[in-house]
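In what follows, a single structure is set out as structure tokens and then discussed.
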Amino acid sequence: MPNTPDAEHLFNRSEPARSTPVPVPAARPAALSRDTLGKVLLAAFALAVLADLVSLLAGAEAGHWIAKPLLMPLLAAYAAVRGGPGLLIAALLLGWAGDVFLLLDAEWAFLAGMGFFATGHLCYLALFGRRPPHRALGPLYAVLLVAVVAPMWPGLPAGLRVPVAGYAVLLAATAWRAGGLGPAAGAGGALFLISDLLIATELAEWPRPPAPDFWIMFLYSAAQLLLTLGVLAASRRFDRAEATEGRHGREE
């Protein structure tokens, strides 16, 4: 039978009916907080990076093909959960498209992948353009760019010389402007530059370190992570500064 008040009190007008406590439904388990979900996504990204690097060292091509396309979507999801700007998420997803095309061993796929990465760097530059650059790094990256690309130029395939040079300019610009956001983003920009210069040494048939693909992916993964963390930290600082200015404005 349903849990109802005693019938004697319902129909007895001489004595007011006593109310029956309404049962309170049990609280549902709380959904994953943004902080917890962010940690889960970051851990998944780290595991995917580890799987990719181990696959490269072991020569397990299938493992590399499975792990590499997971990296940037996981990092983009982490950035989205942490409230990252849309340009950051776009840059990471464009990096994912570039990663997928670079898995294919064909010149057209290489050019397509480079195009996606170049567009990603434009997103980074648009994002960094809101912050003042680190002026001392500008001349340093300009000298480095000329010192590397000029001697590499004759060894590059004729059809790739102009695209590679243009992409190198974008890389150096990203590394330079990233330094204006702080040490993490600045380090990320520098590692991105080094990672892609290692790819260029293969095109120019320059000497390369042992296990070059391992180092390329290690530096690239670290670069994208540091850029993401640097942008998120800068966004939080900017939001706090705006909130402080808003409070001061209301007080005045």
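Every residue gets a Cβ built from N, Cα and C, even glycine.
As annotated by TrEMBL, compositional bias 'Basic and acidic residues' applies to 1-16. Residues annotated as region 'Disordered' in TrEMBL: 1-24. The transmembrane segment feature in TrEMBL is assigned to 40-58, 70-96, 108-129, 136-154, 185-203, 215-234.
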Spatial neighbours of the transmembrane segment (215-234) far in sequence, C-beta under 8 Å, 6+ residues away: 45, 49, 52-53, 56, 68, 71-72, 75, 78-79, 82-85, 88, 91-92, 95, 124, 127, 131, 178, 181-192, 194-196, 198-199, 209
Residue numbers, six or more beyond the limits of the transmembrane segment (70-96), whose CB comes under 8 Å of its CB atoms: 34, 37-38, 41-42, 44-45, 48-49, 52, 116-117, 119-121, 123-124, 126-127, 221, 224-225, 227-228, 231-232, 235
Sequence-remote partners of the transmembrane segment (136-154) [C-beta within less than 8 Å, at least six residues beyond its ends]: 161, 164-165, 168-169, 172-173, 175-176, 179, 186, 193, 197, 200-201, 204, 206
Intrachain residues whose Cβ lies under 8 Å of the transmembrane segment (108-129), provided they are six or more past its termini: 85, 87-88, 90-92, 94-95, 97-102, 160, 163-164, 166-167, 170-171, 173-174, 177-178, 180-181, 185, 196, 227, 231
